[in-house]
Structure formats: structure tokens, C-alpha cells
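As given in Swiss-Prot:
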ACT_SITE  Asp1253  active site, proton acceptor
COMPBIAS  1414-1423  compositional bias 'Basic and acidic residues'
COMPBIAS  1462-1472  compositional bias 'Gly residues'
COMPBIAS  1543-1552  compositional bias 'Gly residues'
DISULFID  Cys692-Cys705  disulfide bond
DISULFID  Cys787-Cys798  disulfide bond
DISULFID  Cys910-Cys932  disulfide bond
DISULFID  Cys991-Cys999  disulfide bond
DISULFID  Cys994-Cys1010  disulfide bond
DISULFID  Cys1012-Cys1025  disulfide bond
DOMAIN    268-431  domain 'MAM 1'
TRANSMEM  1043-1063  transmembrane segment
Amino acid sequence: MGAAGFLWLLPPLLLAAASYSGAATDQRAGSPASGPPLQPREPLSYSRLQRKSLAVDFVVPSLFRVYARDLLLPQPRSPSEPEAGGLEARGSLALDCEPLLRLLGPLPGISWADGASSPSPEAGPTLSRVLKGGSVRKLRRAKQLVLELGEETILEGCIGPPEEVAAVGILQFNLSELFSWWILHGEGRLRIRLMPEKKASEVGREGRLSSAIRASQPRLLFQIFGTGHSSMESPSETPSPPGTFMWNLTWTMKDSFPFLSHRSRYGLECSFDFPCELEYSPPLHNHGNQSWSWRHVPSEEASRMNLLDGPEAEHSQEMPRGSFLLLNTSADSKHTILSPWMRSSSDHCTLAVSVHRHLQPSGRYVAQLLPHNEAGREILLVPTPGKHGWTVLQGRVGRPANPFRVALEYISSGNRSLSAVDFFALKNCSEGTSPGSKMALQSSFTCWNGTVLQLGQACDFHQDCAQGEDEGQLCSKLPAGFYCNFENGFCGWTQSPLSPHMPRWQVRTLRDAHSQGHQGRALLLSTTDILASEGATVTSATFPAPMKNSPCELRMSWLIRGVLRGNVSLVLVENKTGKEQSRTVWHVATDEGLSLWQHTVLSLLDVTDRFWLQIVTWWGPGSRATVGFDNISISLDCYLTISGEEKMSLNSVPKSRNLFEKNPNKESKSWANISGPTPIFDPTVHWLFTTCGASGPHGPTQAQCNNAYQNSNLSVVVGSEGPLKGVQIWKVPATDTYSISGYGAAGGKGGKNTMMRSHGVSVLGIFNLEKGDTLYILVGQQGEDACPRANQLIQKVCVGENNVIEEEIRVNRSVHEWAGGGGGGGGATYVFKMKDGVPVPLIIAAGGGGRAYGAKTETFHPERLESNSSVLGLNGNSGAAGGGGGWNDNTSLLWAGKSLLEGAAGGHSCPQAMKKWGWETRGGFGGGGGGCSSGGGGGGYIGGNAASNNDPEMDGEDGVSFISPLGILYTPALKVMEGHGEVNIKHYLNCSHCEVDECHMDPESHKVICFCDHGTVLADDGVSCIVSPTPEPHLPLSLILSVVTSALVAALVLAFSGIMIVYRRKHQELQAMQMELQSPEYKLSKLRTSTIMTDYNPNYCFAGKTSSISDLKEVPRKNITLIRGLGHGAFGEVYEGQVSGMPNDPSPLQVAVKTLPEVCSEQDELDFLMEALIISKFNHQNIVRCIGVSLQALPRFILLELMAGGDLKSFLRETRPRPNQPTSLAMLDLLHVARDIACGCQYLEENHFIHRDIAARNCLLTCPGAGRIAKIGDFGMARDIYRASYYRKGGCAMLPVKWMPPEAFMEGIFTSKTDTWSFGVLLWEIFSLGYMPYPSKSNQEVLEFVTSGGRMDPPKNCPGPVYRIMTQCWQHQPEDRPNFAIILERIEYCTQDPDVINTALPIEYGPVVEEEEKVPMRPKDPEGMPPLLVSPQPAKHEEASAAPQPAALTAPGPSVKKPPGAGAGAGAGAGAGPVPRGAADRGHVNMAFSQPNPPPELHKGPGSRNKPTSLWNPTYGSWFTEKPAKKTHPPPGAEPQARAGAAEGGWTGPGAGPRRAEAALLLEPSALSATMKEVPLFRLRHFPCGNVNYGYQQQGLPLEATAAPGDTMLKSKNKVTQPGP
């Protein structure tokens, strides 16, 4: 078949390709320019799954930023410094335009179909167009920068705007601002994601765009350069070099070889629309019609060939844009398509190739799988029928362990053959998270003349730039050790501490050496004058960890001159987490040096942590050499370059000897270049040394060991005399690294504790041993047990039938006569060498101490380990029992264990035990101490101590273990042995490369296989562990939905039912509780368990100490009996009760029980508990004593001492002298009551406690008769300040205004002087016999009265000295008020003054007590019930003229006769200063005592006016009595004068006009300023705690009742004109 045959087959081929490309694959789409309708939009979920895998991610590690900043960038310049000489950072993202424009199809004026690589490459450098990249703000917010590339961006970047259509070769995004910010100020890594634009996505569009992006070779370009250098944007500029050269570095990040292909779960996909990553054999040609190679045939070219039949319209519809891979050959050959390197993590990885099936008879297709470093295998291809003559060949690739490539071969039949391939793909080759591309960060250094060098060529002591700017000044600024020529000293290299006679490394000039251009100073070591074998080590500075996969190199020059009978090694020590690993990276051993400087470059691979270098030199006698090093440098590639390639094959395992862990302080000899082959050892071979069947204090014999080892690989020589008697001598079979495990012997058991013994210690170390080395091994033997014994007497002690030892202990508290019963100490295991006839210890595993006769079961003796051979190996201290033997000590005691140099024999039993009953418990061979009643000490490097006194409970101590500095401790010392000791020697298998540091060697393949923890399996790399994949069962979606729906419905039904049941139950309980609480009698027997919590204020304390709930004395409820009710308190009912079962009081104690209702708020519970805490902390005869509390059951109780006399106020009112009722009270009784309260206040003052409410209502009496004692009994106002919630209180607070000083209610200041003021008011209450202070004044009026300087007049018949105490307590300044010690002293003076105590009490003519007490009580809920206030009613005019005006009220001016004692009080009050206006008409006016004979008409009248109407707040309120009286006709003009006088005084009395009933009684500036114009401004202040109500008056409720405007009794007060101040 000729060329005509090919043309005949081409039209149906292209027609079929047109159909298949739209139906069989999802990677083809119609061209918008050609007219076909758009394909359906891609589903959103499908797009989301693929978008991440379609992106190209550039991730620059954060370490790059850190290293670039530390190595290259100077410190940030201040704004004032010049810009010249500084460094700048720039960045860009570049893509080739050719693959991107191919995706868009034919464009007007631009032709890419001819295969041109770029437009006009001969015109000069490749042109580029720069687009704006992302912003720093976006990067900082999203932690990454996403650049979306679509058709519009491609047209803008590669073609330009419509007015200037000019194709360029490179599309760039400017990232300079972003990179500059990140390198200077950023944190974390820099992530830039380039992905297809999502706008108007069509089926397959994003996949094609992603492939085009990858084919355009996206690369990230960074540059750091000095000002004036050429940059990425202007590489052609070559300025003149300045005096000081700066860095000019460029980085390119792009996908690295061999893993170039797209990583996603769809693998590689190539439809030949644009260049793919496939390789072709023979090479691909796009020009001409070669008959021997593959060729692209675009659809446009087929259209121009006019090969299709039919109308023109059909051509455009059936031939979409795109290309096909065609092959036309007549040769008998193979043509291959080769995929890039791939990886597969899925068993479903499949190869899919679309070919034309009509061409199949002319040739055949064969697929090959080519794994890395493995033989290839054929992939079976199975055809799948397609449309229009096309078929898809599919073959299973699977999951190869190594990277692989796939080759598709077309084998022609010899005749003219035609092959057409439309689609080549590797699908479903990854599961889970995509592994991502391997990005390489390539670095370069630009010279001033434009020469570009690799970064590794800079700072390598070799001048590559014409002017030498790649060396010298720039490199010398690197950190210490990076660039070292030793011209300025050691460059951070240090030497290990050496003795004075040891040779030292020196920095000096070496003369008479063939320098070959080398001049200057170097690091030198001379061995000429050293006769013995020695070594010297010098250590470099510490270097940071290199970047992962960086081409890190070490460059150095070295020289050996003279004869060196030894070797020189360069060791790299890596600082791993918790340990150090070292490996030899360079080694040389020679007899005679060449005296030439030699340059060496070493690759530093697999360094993942901080590291340092060590130069280790060893030489023997006869060495006369000089060793030198110079020009040592670490390549900058270590920290500024990422190769992106794996440095180790995935199936290779690290050599254990290369990862051997060494002690950095150890000067060990390198064994890398020892002559002779390295032996391949059998990992199952080991040498186990035992006691050879010997036991007791002496070691084995040669015959015993011959019998014990006759069937093993061991051959030992046993010492027969001297210190080596019983020591096994063994020759090392081969030079290698060995692990030596030493196990000390256990101690003997005691007579009474036969369950546990003290275990021997295990020590495992790693040592380098040479073939023929002699090891001396002493295996420790177990100490003898005390029981069982053949001696019948001793056996009876063992079984407990004989207690003679216990009897002696009971009588004498020690054991002497019947000594014995303690176990012997265990022997230590010694492994040592001989050096010049002197033993040198390698490993010593200590023996366990012997248990004592009566040893305790649980004892713990920590393991002790020594590694310093300069510590003396002494024997343990001996007492009655023997101490353990050490390394090189002497002893003369028979029962003490011997040291190794004395033969290490075990000690005998103590002499008394042998003499009394022959109880022998000897120590084990290896220095175990003999036992007595106490245990013997264990052997070791330092022997264990025995008890100094024969304590039958004191065990012997374990010995101290030892490991030589020549070895490495592999495991810590552990107590594990329960019998005789052992020594196990085997080849060391290093497992430090494994993730869990555990491994084993396969006996057949001799490969190291790592172990993994439970639940994990070994990964393919043979090192790391991964979670074993467990197939998750997939249930049907319908079943899952039905189960979830059913569960949800059931949960809702159960929840609703539960809520209804709980609600109904709670409702019933609440109803029952309400009925119970509303019942007349409360069932006190109903008790339930409960707890209460509170928090006290840490700023306050009681009596100088803090308080807590635990300080309260809890009284069991069963000991409390309630007798009768006493009344209602602040919280609940108060009962009289009895408490039985009190300590030191057999009779029941009478108490008062304060209760807290079960149903109460949390605030009430906290207040109740705080009051109990306060009262319980006081201990004074004048403060009510707290007997205890009962808080564990409901209702909660506070038990106080029973005060049968009641409260003081009620007592005074009930015992007032009346005309028909004389009283037994005298003035002295009132003074005694005042003295008692002052004593209690003094106690509170001394303990820094502020009561805040000293009033008669809060004081209680022990009894009403003679001998009464007054006590302070209520701390209600003190609760808040001593609770943490005091500072959180807001809103309305209740304050006892009439007992408070001005600074308290004006500024909220409470001190002990506050209680002094309150005590003065209390005195007024006592000597007025229970009257309310400030009679007839409301709280608001009291505020105005006190702040204006007014004070109360003395009560009737009040002695002058007593009133003087009151006035002193009422001083305006707190510091002028006396303390309670002075008050108590003055009261004592009053009790001794005859004029005071003989003063008669006034006779009461007012209403009886029963009438006064008929006042409304405080409701439980103050807000639930309006206060019972009496509204003022206008008096009838006819009643105004009925009653005459009382004489006492007609002339209250200066002409009025003052009551007795008033003169003294007035004098005291006048001494304080002039009375302000407004205080004169109400100051010192006492309405209660100005009416000695009240007219009986006051109690007559219709309705409610024939009895006084009073408002009394039992806690903080005030008395107000509205007493109707018959009015008399005042003299003409009297009333106007009174009103004028009141107005002139600035105060309107009750008769001046009614107040508004709805006004709130609050202290507001407007209220005071309106009524007190002459008061200074400093007195008009806000309260710091918000609104404050006085006397339970809430905002919006009426004030206290005031008199009617027509009340003559009150009007008469206003008729008198007071003189002005």
C-alpha cells in the first residue's frame, strides 16, 4: 500500500477521531469560534474534588526565609539611612506562552500550528509581559496566594490588549512586593497556588487548562541583589561594580525531574492537543511527512488538506479542534511512546490508550511496565469497543513498590503500516491525599559582568568571577565556621580539654610545604615529639540543619607531611532529639604523607538536625608528622537550595554501621579503613556467660565451665588463683561493634519475708572491640536465702513456730543473742579488660542487697549508675551484716564482701548467728555481703551498705553499677534479675534509623528490618511506620438514612416524653411545697441532705484571720429539739430549742434556733451562711455566742445562745415608767447596758470589724430582770461587706439612715468611726427609753438635718455627762470622734457620778406599748405588697378651733423653758459652732419630750383618727405618728409668720404643704440643692454605689406620711419665728 492508501484511510480516521474525542474522553471540548453549542457545565462537586489536584503549588519552606535572612540580609535599615548599598528582594511567576496559546486554538495574526517554539526567537531575548500578582494583604489573610489562570489572563499576558496584538514568549506575574515582605517580615512558609480559572467551567475544560499550565513549565523566580545590580526585570544591564560588592542571588523553583507528571487520582492524561510529557522513539517530528517517526496532525491541517467528503458545514461540525498522533511506516521496527516517571498508591491504577481499531491488522500494540531498578513486565491490554472505529486499550498497572514508567510499543507488520493514537492516560493511580510535585529550588550567583554561577561555586575558596566578588569580603561575613581560612583565628573550632603534655592543634603558618598556591595560616597538629600512642580531637562550631534534599557539601584542604603511623578522620555529629549520632564522612590512613595540600569535596547527605564536625587524629609510636587543614567551608546550597530529588532509593536500607551512635566526648578510633574484609555476622549468634552451675561465695572452676559450655560456641579460661580466681577469660572473635549486657545477681531472702528478693541490676552498653581482645568476665552469684533450712530449730523460725527473735525484739528493741535470719547480698557482674596488668572496667552490673529478717514487703531502692572512673570503687559500710564489695578496696571483716582486686568472694554470716545456731547466709560471689538479722549489701563498683545496727527490718543496699566512658549506655540500669547473674555479648545492630528505634536482621538476606508499634505497619521506605489501612464497610445509603431517621424520631419522642414527665413531676412537687409552706404549721421534721457554698471577701477577715465553712461547728440534727416559736427573723422563724450531746455538758443546752426556709433564693442562703460565719468568729461576753450550725439538712439552722431578755429596744419600751406602772429600772441600769454594748463594740474595733448597724434593735439581753447582760446579736448589715459580692452589689441598697454619719450616706465610707456615731444614737435610744431617733422626721429630713449640722436634743432627764458622750460621738469629722476605749472610760466615770446615777427616769405619758406596736410588719416580699402608708387627710375646719394650743408648743423660741438637762446639751451643741439656717427651726427640737401632758383630745375622733396611725419599719424605718388634734385659733398673723420663718430658713416643714406622694425618697443632687441652698457643695455628693433606698422606700412609692396642711399641732411649730444665725 502506497501513499494513496494512507490518504484513503485518513478521512475516515479523522472523522472517527472527531466523534470519539467528544464521546469517549472527557478531555475534549468544542471550540467557541467554530460554532458548536457549549458542552454541559461541569458539576460543582466534581470541580471541587479536582481543583486541588489540578493546581500547581509552589511552597517555599520557612527555613529558606530564616536562612536567607540570617545569611544574606543585613539588619533592617532605619528610614534615615541611604538606600545605596542595601539589598532588595524581587519575585515573579513565569510561564511559557506556547502551550497556553495552543489551548486557545487559532488566533488572528498568530500561528502556532507550524510547531514554532516561540515567536521570532532570532529577534533577541525572549519577550515577556508582566501582570500584577497578589497583594501582601491577601497573603497575610489567607496564608497563601492563589493565582487563577483563564483564557482572558492568557490573552492579556501572551497577546496583549486589542490595540497592540503582539505575541510574547513568557507570561509573568509580579510578586516582588509579596516576596520582599515575606523575606523581611513574614512568618511561616510561602505558598503560591497556580490553578485554572473556575469561571464558566465546562466538561474537561479545567483538566485541559491544568495540563496546559503544566506544559508551560511554571517557575517561581526570586532574586536578592544589591542596589545597582542587574535584576530579573533588566538582566541586560551591567553596571560598574561598586567599592563594596553585595549579594546578587537568583532562585528558580519548578517541578523537578524525574517526577514531572501531574499528580492526582487521575494520573497522567495526554490528548496531544499540546506538548505532553511523553517521550517518543524515534523522536517526534512535526515538520514534513517522515515515514519513520511519530507525527502530530492538527485538525486545521487536515481541513486544509480537504480530505473529507461532503458539504463544508459538516466538516466544521464533525472535526473539532485538536491533534492526533500518527505513524506511517513500512519498516519492520518498533516505535515507542514512553511515559514520565510515575508512582502509584492504588491497586486500581490503569493504562488507557485510544487507538483506531481498523488499523489493528497492520500492526500490534504492546505495553511494558518499567519499574525503577527492576526488570520490566508486560501489561495485558484489553480492548474496549468505542465509536466510529476507535477503541480504548486498557491494562492494569497496579501498585508497584518503586517509581515506574510505562512504554507503549507499536510493532509494525513489515508492510506499510498506519498507527493513530488519540489519547494516552494513566488513571486512578493515587488514593487519598495527593503526594504533590517535587519542587526544586535552584540557586545561582550573578557576577558583576553578568556571569551566572551556581550558588555552590560561591564561597568555595576558588575565584570564579572575573573580579573575585564570589569570594572574600562577602563570604567572610557569614557566621563562624561557614567560611574559614584560619587567618583570623580558629573560626569557632575548639579543642577537647587535654592534659598539659598532650599535643594541641595550633593556627600558624606552615613552612617548607608544597603550597600549590596555598599561603597563609592553617590549622596544624604536630606529632613529632610524642612517643606514646595518643589522639587529638578538634570540634567545629555548630551548624543549623540543612534544607531537606539540599545538595549540601563540605569543602576543605588537608595536608599530611612526614610519617604518620595512624589515621585522620572527619566525623559528623548530628544532634538528634535526646541523643547524638555520629558518622565518619572522611578518613585517611597512611604511613607517609605527600606534603601536598589536597582539596576535597564531601557530600553531607541525610543531615536532618543541627550538627558539628570533629577532626579526630590517632597515631602510634614512631609518628613524626604534621597534619594540617585549611579553607574549610560549608556550601550555601545546604541552606538556600532544594534539589527536589530523593537522595536514597526507596527500597534501600541505611547501613547500621554508618548510623552508629557515638559519644561526642569519646576519643574513639575509627575502624572504617582497617585492612581485611568486614565479617558478615549471623544475628542469631551470641555468647551467654553464666555461673557455670556454681553458687555461694566462691566462683566456678574450669571443669564446671567446660561442662556448662560444652554444647555451645563458648570457650573460656577460668582463673584458678589470686584475684582472677573464678573469673572467665574470653577472646573476641572478630573486630566489630558489640553490645554487652551485664546482669547482677539477686540478694538473698529474709527469714520472714520469703515472697520477694532484691533483684540484680541490668546494664547494657555498646563497645568497639578488636579481634583478639581479651575480656575478663566475673558472673555474680545470688546471695544465700535465710529459709528454708535443714536445721530444725531454724526451720521452726522460718515457719513461724518459734518466736524467740520476736521476743527479744519486744524486750530489748534489738536483736543480739538470737541474731540471724537476714539474706546475703547478691554478687555483682564484672566485665573488664587488662591494660598493662591493671584491670580496666567496661561494665559492672550491681548485685541486689540481701533482705532483712523482718523486711517490709514494699521497699524501693533506686538503681544507681556511675560512669566516671575517677570515683573510687569502695566497699560498702559493714555493721552486724557485711557490706558489699567494690572495685578496688580492702577489708578485714569476714562477713564483708570482698572487692574485685581481693577476689570478689562473698562474705560469711555474722559471728553471732553462726555461734548461736549456725544460721549461715553468705553473700554471693561478686562481693555480696554476708547477712545477719539485717541483710547484707550487694556487690558493685561501689558496694552496698549494710545496717549499722542489727536492725531486723533493714535490708542491705544494692551496689552501684558502672559503665566505661569507652562505651555507650544503650539502656538505663534496671533491676530485673531474680537469680544468678549473666553476661550476654552479641553483635550490635543499630536501629536508630527506625522510627521506634527497634529492629532485627533477617537471617537469610542479612537486611535490617524495623519494628513498628502495635496498630502500625512498616511503610514502603522500610523506616517509617504508618497506620495499617483497614477497609471500612460501606453500608447502603438507604439503610443509613432509615436508621438515622428512626433514631432521630425515637430521640425526639423520648426527649419530649422525658420533658413532659419531668415538668409534671416538678409541677406536682411545687404545688405540694406551696401548700406545705402556706400551711399554718411548718413541718420541721422534714429534713433533706444538702450542701451550701459561699465565697467570702478576701479583703476582709474575722478577728485577724480568714474564715471558711469548715470552721463552722456542725451539730447533728438529731441532737436538736425545737420547743416553741419566738418570732420571725430576717430569714425565717426563730425558735427556742435544746441541744443535747454537747462536749463537757451532759445537760441539754438552751439555744435560740434561727432557721432558713427550704424555698429561698441563693442570695438568702449566702447571707444566712455569712451571718453564721461572722458570729462564729467572735468570742466575747458582750457578743451573742454561736453554739453551732446545722447545714447538712433542710431547713438549715444557726444555733445561738438563748437571750431570754429579748431585744433591747422592746425591753426599754416595755419597762418605761408610767403613772400607773412604776419601773424597777434606774439610771445605773441604763449605764450598765450602755457599758455592755460599748465593751462589745470595743472588741469589734480591736479586731478591725465594722458593724455598720449599732442600734437597740440589734442588741439582746440575757434576762429581763436584775443581772441582765446586753450583747450585740445581729450582724445583718455587716454581711455584705464581708462577702465577695459586696463589690458587685448594685441597684438599691438598704441603709439605716438615722444611725449613719454623714460620710457614710454621702460618700459610702464605713470605718470604726461609723460605729462610734451609731453608738451615740444607741445611747440616745437607751436614755430615751426606746424612742425612735429624730422623732417625727423622715429619712430624707434626717439627711438634710444632719448634713446641715443639726444634732438631736438630749432625751428627757438625760444627764449632762451622758449627753456629752453622745455629742462627741456625733462629731462631723470622723477623726474627732472618740474610740470605744475612751467611750467606755467615760461611761465608767458616769457610773461613779452620784449626780448621774441618782437622776430619775422620765415618766411616760404617751400611748401604751400595745398601741405603739400595732404597726404593719415587713412582708416577706416587699415588692409584692404596697407599703401601708397613711395618706394625709385635710382636717375639718370645725375641728380646728376645738382644742387649745399646748403651752409647750406655743413658745419654742428663746423664752421657752428648757427641759432638765437640756442646758448642758445645748451648751455642748453650741460649742461646735453657729447653727446654720434651716437647722435652727428643726435643730434640737424633740417633739416627744415637749408634750409632758398630751391632751386627751388627741385620742378622740371618729374613724381612724381616734388612734395614732404609725408607720414603723422594724429594721431601718422611722417612726411617724400622725396624731389628729383639735385646732385652736392662732393669733392673727401667727401662721403667716411661721410660714415666712420656715421659708426664710430654707426648709419647708410638714405643715408647709403636702409632698408629692409619688416622689422617690432618694438622695439626688437636685433634691438637696432645691431645699438647701446655703449648704456647701462638698456635702452634696452622689453615692458611689448607685441608687440607695432608705427604709425600704422603693422608687415610685409614696413617702412616709406627713401631716395634713391643717394639722394645728404641727402648724404650731411653724408659728414661732426663730432668730437667725
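Keep in mind that glycine also has a Cβ here, set from the backbone N, Cα and C atoms.
Within 10 Å of the C-beta of Cys910 (disulfide bond) we count 31 further C-beta atoms, all protein chains included. Closest to Cys910 (disulfide bond) by Cα-Cα distance, out of the disulfide-bonded residues Cys692, Cys787, Cys991, Cys994, Cys999, is Cys787. Applying an 8 A CB threshold to same-chain residues 6+ apart, the list for Cys994 (disulfide bond) reads Cys1010, Phe1011, Val1023. Using a 10 Å radius centred on the Cβ of Cys787 (disulfide bond) and all shown protein chains, the other Cβ atoms total 21. Taken together, the residues in the domain 'MAM 1' (268-431) have a mean pLDDT of 72 on the 0 to 100 scale. Annotation note: Cys1025 (disulfide bond) sits in a strand segment as assigned by DSSP. Note on proximity: of the recorded positions Cys692, Cys705, Cys798, Asp1253, the one nearest Cys1012 (disulfide bond) is Cys692, by Cα distance. Here Cys798 (disulfide bond) is compared against the recorded positions Cys692, Cys705, Cys991, Asp1253, and the shortest C-alpha distance is to Cys692. DSSP classifies Cys910 (disulfide bond) as coil under the three-state reduction. Spatially, by CA atoms, the disulfide-bonded residues Cys705, Cys787, Cys991, Cys999, Cys1025 include one closest to Cys932 (disulfide bond), and that is Cys787. Neighbour density for Asp1253 (active site, proton acceptor): within 10 A of its CB lie 22 other CB atoms from the protein chains shown. Put simply, of the recorded positions Cys705, Cys999, Asp1253, the one whose Cα is nearest the Cα of Cys787 (disulfide bond) is Cys705. When the Cα atoms are compared, Cys991 (disulfide bond) and Cys1025 (disulfide bond) turn out to be 14 Å apart. In this structure, the CA atom of Cys999 (disulfide bond) is 12 Å away from the CA atom of Cys1025 (disulfide bond).
Each of the disulfide-bonded residues Cys932, Cys1010, Cys1025 was ranked by the number of other C-beta atoms within 10 Å, and first place falls to Cys932. Cys692 (disulfide bond) is 94 Å away from Asp1253 (active site, proton acceptor) when you measure Cα to Cα.
Counting every protein chain shown, the number of other Cβ atoms lying within 10 Å of the Cβ of Cys705 (disulfide bond) is 25.
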